[in-house]
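Student: First the structure, then my questions, so here it is.
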Amino acid sequence: MAKSKFERTKPHVNVGTIGHVDHGKTTLTAAITTVLSSKFGGEAKAYDQIDAAPEEKARGITINTAHVEYETANRHYAHVDCPGHADYVKNMITGAAQMDGAILVVSAADGPMPQTREHILLARQVGVPYIIVFLNKCDMVDDAELLELVEMEVRELLSKYDFPGDDTPIIKGSAKLALEGDKGELGEGAILKLAEALDTYIPTPERAVDGAFLMPVEDVFSISGRGTVVTGRVERGIIKVGEEIEIVGLKPTLKTTCTGVEMFRKLLDQGQAGDNVGILLRGTKREEVERGQVLCKPGSIKPHTHFTAEVYVLSKDEGGRHTPFFNNYRPQFYFRTTDVTGAIELPKDKEMVMPGDNVSITVKLIAPIAMEEGLRFAIREGGRTVGAGVVAKIIE
């Protein structure tokens with residue numbers, strides 16, 4: 001069966017469901033596809049199709065994730081749903097499924113639970129910019145005051161982790177009713193309200209090509225008579241011949257000019273996000289540039305050595321460590337294209353970190369890396385991956 005061509009007529013947004021186990025994330029995911037497919041086209045997915053999420057590997061870590069797609073009047077959405085709590089932790093930290101916004105599912109019958117809190121914290125740490133709340137199972141709560149109380153609790157919890165709790169859209173409904181075809185305001189009505197909230201509350205994400213130019217350096221060659229060529233894949237933005245660029249990371253920042261862009265042995269006037277290119281640098285010596293640095297628009301990204309991060313430590317079964325690690329553990333941190341050694345400082349209340357844990361840490365690298373909050377990295381020991389992380393806050 002031929003795959004239908006992906007029509008990119010509507011802007012594309014990535015979302016996902018988060019929240020405590022059994023609060024109805026997967027049922028809601030099924031309900032959204034069912035209601036929206038009948039209204040705007042697309043494919044309805046049954047609960048068990050989503051629940052049997054296939055295994056994927058991201059940075060060597062096995063994650064179960066279900067991917068569904070749906071459309072609203074204005075947009076095309078790609079939506080991820082994970083069966084288990086551990087899958088969420090891994091997914092959010094590795095950035096396997098980058099989210100432009102999340103739908104936090106909270107059971108009105110139970111209120112916020114430990115994983116509700118943990119997922120909000122994770123969303124904050126890994127830089128999920130927007131959260132919309134679906135207050136599920138409202139058909140099981142007769143008491144309007146109780147509903148108000150749960151809503152208030154959720155808003156307070158969001159505010160506690162620096163999300164705008166007072167302004168967050170909270171949609172009351174029942175995913176089960178909607179999935180069963182109930183046309184009332186808790187059923188289909190709630191799903192349509194949720195779709196509207198997604199469209200209006202989550203802004204259309206900036207496309208990679210619109211960002212400030214950034215390219216991780218993969219290789220450096222000198223071509224006699226022409227100068228130094230740096231190769232890599234443009235991560236974001238556009239580079240045009242004649243533009244100034246900076247070389248950032250590992251060594252003091254250098255300024256240079258792009259004098260040529262090559263792709264598949266052809267000369268171009270520009271390279272853009274997604275292109276694998278060679279960039280010719282004016283007056284730069286071969287030994288002044290190395291793998292692990294980045295080429296970027298001047299002033300757009302700075303080198304840092306000291307930061308806090310949220311990390312997931314691989315379990316033994318995933319090929320990770322067999323033993324815990326302690327304060328001042330010094331592994332390699334693999335950023336983009338290179339390893340840099342760094343020392344880990346654990347939180348005051350944590351004596352050690354076990355394989356399979358996730359934890360907030362502070363890291364000091366021995367050499368600076370071009371860094372922004374939200375940058376992903378792997379933690380390695382002798383070339384094998386033992387963890388994955390994301391920069392939460394830059395200290396210096």
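From the backbone N, Cα and C atoms, a Cβ is placed for every residue, glycine too.
Pasting the relevant annotations from Swiss-Prot:
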BINDING   19-26, 81-85, 136-139  GTP binding site
BINDING   T26  Mg(2+) binding site
DOMAIN    10-206  domain 'tr-type G'
REGION    19-26  region 'G1'
REGION    60-64  region 'G2'
REGION    81-84  region 'G3'
REGION    136-139  region 'G4'
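Locate each feature and note its surroundings.
Tutor: According to DSSP, C138 (GTP binding site) sits within a helical segment.
For T26 (Mg(2+) binding site), the same-chain residues 6+ apart in sequence whose C-beta sits under 8 angstroms from its C-beta are T17, Y47, I50, D51, A66, D81, P83.
Summed and averaged per residue, pLDDT over the domain 'tr-type G' (10-206) gives 93.
Nonlocal intrachain contacts for the region 'G2' (60-64), taken as residues 6+ away from its ends with a CB within less than 8 angstroms of a stretch CB, comprise 53-54, 82-84, 87, 90-91, 94, 96, 312, 314, 318-319, 378, 385, 388.
Panel annotation: around the region 'G4' (136-139), residues 23-24, 27-28, 105-109, 147, 172-177, 186, 190 of the same chain, lying at least six beyond its termini, place a Cβ under 8 Å from a Cβ of the stretch.
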Student: Taking the Cβ of G19 (GTP binding site) as reference, which residues of that chain separated by at least 6 in sequence fall under 8 Å from it?
Tutor: K25, L104, V105, V106, Q115, T116, H119
Student: So for K25 (GTP binding site), how many other CB atoms are inside 10 Å of its CB?
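Tutor: 26, counting other Cβ atoms within 10 Å of K25 (GTP binding site).
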Student: Around the Cβ of C138 (GTP binding site), how many other Cβ atoms lie within 10 Å? Please give the count over every shown protein chain.
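Tutor: Looking across every protein chain shown, the total is 22.
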